[in-house]
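Database features, via TrEMBL:
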type	residues	note
COMPBIAS	235-249	compositional bias 'Basic and acidic residues'
REGION	235-257	region 'Disordered'
TRANSMEM	12-34	transmembrane segment
TRANSMEM	54-79	transmembrane segment
TRANSMEM	100-131	transmembrane segment
TRANSMEM	192-213	transmembrane segment
Amino acid sequence: MLRVLHQVSGRGALCVALFCGCGHVALTGTLTMLENHFSRVSSDHATLTMVIQIFQYIIYGIGSFFFVYAIILLAEGFYTTSAIKKELQSDFKTTVCGRCITAFFMFLTYILFLAFLAIFGFTAIPVFLFFNMWNTCAAMKSPDANITSPDSICVDVRQYGVIPYNATPGKACGATLGEICNTSEFYLSYHLYIVALAGAGATIIALIHYLMILGANWAYLKSAASTHDYQDIKTKDDQDLEAEARSKEGQNSSSYS
């Protein structure tokens, strides 16, 4: 069980690192692309810049928290495994403490699972937006498209609420749109968002594995506590029966004498 927990903790930490690293760079590339092509006046995208910076700080916090959380979870795995191995010899209070710690980590992992479900959904939004833009550019380049007026094909990011409607130029059409799709920040940001989405999904799977392992540990500890109680009661009953038998033997010996 400890080996499985060790593997899942390592994989979960790597998945979170993948999400955090790719998400941070993708956000930076997105801001650069908007500043260069869609909103050249800094005041128009000041709110977006602040939001992106907040998201990047949140990513820092997520990465740091999961690093510490993985270490603590490994320590809890060592503790739980030790308690299970000594379930008949360990003190009852130790087993109760282990159950409480495991239950707390189960609750915390469930909260993190719900949080990453929300993160996964939010990460899918930029992937969808970049995918639409990518498809629009691919349609213009396709020889079968038979487009007579390429300038009529536009991508307006203002309609998504990313920047205000008074932002200039706010949209890109025709050859300008094709140039944007060929830039490194667009190509890199698009694929990094996809990788970040995959990292968030893999983190969700890792958290599900966490819950399964912690649930199994909690069940083992509960069984150990029940077994310990049963052994205590059985030992006490055996001692009472032995004392009663000795008392009867003493009475019989005194009556014969």
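Cβ coordinates come from backbone N, Cα and C, glycine included.
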Residues outside the transmembrane segment (12-34) whose C-beta sits under 8 Å from one of its C-beta atoms, at least 6 past its ends, are 45, 48-49, 52, 55-56, 59-60, 62-63, 66-67, 70, 119, 123, 126, 157, 162-163, 180, 183, 185-186, 188-189, 192-193, 195-196, 198-200, 202-203, 206-207, 209-210
Counting only residues 6 or more past its boundaries, what in the same chain has a CB within less than 8 Å of a CB in the transmembrane segment (100-131)? 19, 23, 26, 30, 69, 73, 76, 79-80, 157, 160, 162, 186, 189-190, 193-194, 196-197, 200-201, 203-204, 207-208, 210-211, 214-215, 217-218, 221
